[in-house]
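Asks: Dumping the structure here so I can ask a few things about it.
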Amino acid sequence: MNKVTKTAIAGLLALFAGNAAATDGEIVFDGEILKSACEINDSDKKIEVALGHYNAEQFRNIGERSPKIPFTIPLVNCPMTGWEHDNGNVEASFRLWLETRDNGTVPNFPNLAKVGSFAGIAATGVGIRIDDAESGNIMPLNAMGNDNTVYQIPAESNGIVNVDLIAYYVSTVVPSEITPGEADAIVNVTLDYR
């Protein structure tokens with residue numbers, strides 16, 4: 001080999017060796033693709049919840065709530081055979097991942113969906129909170145629910161599970177600062193089987 005070729009090869013080896021030594025760690029991805037998963041039992045996959053109409057004066061203080069409105073996410077075709085979860089448990093269960101992709105959350109209130117308007121002017125000074133109906137736990141938005149809110153898929157369920165939730169408005173300002181208008185929001189639902 002000539003001197004130029006040897007120098008070029010030595011330079012390339014040094015370049016690649018430097019890249020290999022420059023790492024500070026590694027990321028190991030672990031997961032599983034399930035053969036089947038629960039499906040929302042509605043043709044358009046949309047659950048509509050009518051929260052009602054309220055006077056701003058009904059919210060007397062910051063944190064005041066409207067009446068709680070129960071609703072259900074009906075699921076079918078859920079897998080009934082258990083699998084290993086992140087916590088090591090082997091069971092047929094899932095958690096909810098609720099995302100506010102369109103409007104986000106109310107600033108300084110990460111678990112309140114920011115309201116907007118589907119047709120008109122949006123109200124301000126309130127947000128929408130979602131709770132688990134059974135436990136009363138606040139459902140986190142844009143974050144994974146904790147292990148305290150896990151929905152089991154019983155073997156005798158034939159793959160049918162109802163997720164019962166509650167929604168309501170919560171004021172984030174004093175009544176004089178609430179502006180009237182539409183108080184709508186969309187929250188996207190993902191079932192997480194970790």
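The backbone N, Cα and C atoms fix where each Cβ goes, and this holds for glycine too.
According to Swiss-Prot, the protein carries these features:
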type: SIGNAL; residues: 1-22; note: signal peptide
type: DISULFID; residues: Cys38-Cys78; note: disulfide bond
Asks: Suppose we draw a 10 Å sphere around the Cβ of Cys38 (disulfide bond). How many other Cβ atoms does it contain, all chains included?
Replies: 23
Asks: Within the chain of Cys78 (disulfide bond), which residues six or more apart in sequence place their C-beta under 8 angstroms from its C-beta?
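Replies: Residues satisfying the criterion: Ser36, Ala37, Cys38, Ala92, Ile153, Ser157, Gly159, Ile160, Val161.
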Asks: With DSSP assignments reduced to helix, strand and coil, which class does Cys38 (disulfide bond) get?
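Replies: The residue in question, Cys38 (disulfide bond), is coil (DSSP, three-state).
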